[in-house]
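Below: one structure, written as structure tokens.
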Amino acid sequence: MSKIYQDNSLTIGNTPLVRLNRIGNGNILVKIESRNPSFSVKCRIGANMIWHAEKNNNINKNVKLIEATSGNTGIALAYVAASRNYRLTLTMPETMSIERKKILKSLGAELILTDGRYGMKGAISKANDIISRNPSKYFLLKQFENPANPEIHQITTGPEIWNDTNGNLDILISAVGTGGTITGITRYIKKIKRKKNLISIAVEPSESPVITQFLAGKAIEPGPHKIQGIGPGFIPKNLDLTIIDQVITVSSEEAILTAKELMKKEGILAGISSGAALYAAIKIQQQKKFSDKKIVVILPSSGERYLSTELFSEL
């Protein structure tokens, strides 16, 4: 029986869950999100946010999509916009990798770079400034607060993990950018499947531990880091902290070294945020009470998107 997709945005999901054999004790399973159509977990939200905008009549051929991005969401939006014939403007910190910039342009997006010192806040501010000058011309997708973001993980990623493990998982680990991935998956497993004993662990950069600071009642003090795609420097509205059980901080160096180890030992090309999530899993598994637990780790993107970064600097 043949199956033909009507456009590339419809091909998201059904990414493989793979057991690690030489990292950890055999109980770490990684979900390889680079198998999505534009090679990252963000393909899911890129598609769903645009689908929702279509359903709600927010966009047409005369309205230009706009979004602030650190790269992967922008690439996801660009491939969906191209496949469904929409125009797209993206604002992005200049510090993001050259691979991301070139891919965005190749997919037809207009790319506006912002001062890297201000991170994602600067990119968001620039997008809002552009809209304020001509609000009828643009539709802002707002990945950090758009409910279509966690929704797609609740209806696709969560069920995929549940079905592939037959519900036999104890710990979920995901690095946090917008918060949509960990929120959507956790909602599905804890609320729909009622596995309330799932331990859901968020990962953030130790150089910019804003979630940790917030939960401790401290002032939020973001800082620069090298784990592209996570640690935006604020608490995203799409991050539901009421269902997150633990937050682990990982340094940029730890994330990079672990991503390298994953490539060499397991043959899995992975980005820096994947290294951060896996590092957290390794540390958790080293604790006696978690040594026999089944751990699922989200690997957001592939290594090729970081060829110009420190991930490949020694080659």
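Along the chain as shown, residues are numbered 1 onward.
Just so it is clear, glycine is given a Cβ too, placed from its N, Cα and C backbone atoms.
Cβ neighbour count for R35 (hydrogen sulfide binding site) (all protein chains, 10 Å cutoff from its Cβ): 15. Residues or ranges marked as hydrogen sulfide binding site by Swiss-Prot: N8, R35, L269.
All protein chains shown were included, and the count of other CB atoms within 10 Å of the CB of K42 (N6-(pyridoxal phosphate)lysine) stands at 32. Annotation note: K42 (N6-(pyridoxal phosphate)lysine) sits in a helical segment as assigned by DSSP. The feature N6-(pyridoxal phosphate)lysine is assigned by Swiss-Prot to K42, with similarity to another entry given as support.
Residues annotated as pyridoxal 5'-phosphate binding site in Swiss-Prot: N72, G177, T178, G179, G180, T181, S273. Under 8 Å, Cβ to Cβ, and six or more positions away along its own chain, N72 (pyridoxal 5'-phosphate binding site) finds S40, V41, K42, R100, G229, P300, S301, R305. Reduced to three states, the DSSP call for N72 (pyridoxal 5'-phosphate binding site) is helix.
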Those binding-site residues listed as N8, T178, T181, and which of them has the most Cβ atoms within 10 Å of its own Cβ: T181
Fewest other Cβ within 10 angstroms of its own Cβ, chosen from the binding-site residues G177, G179, G180: G179
Inter-residue C-alpha distance, G179 (pyridoxal 5'-phosphate binding site) and N8 (hydrogen sulfide binding site) (nearest angstrom): 25
Per DSSP, three-state class assigned to G180 (pyridoxal 5'-phosphate binding site): helix
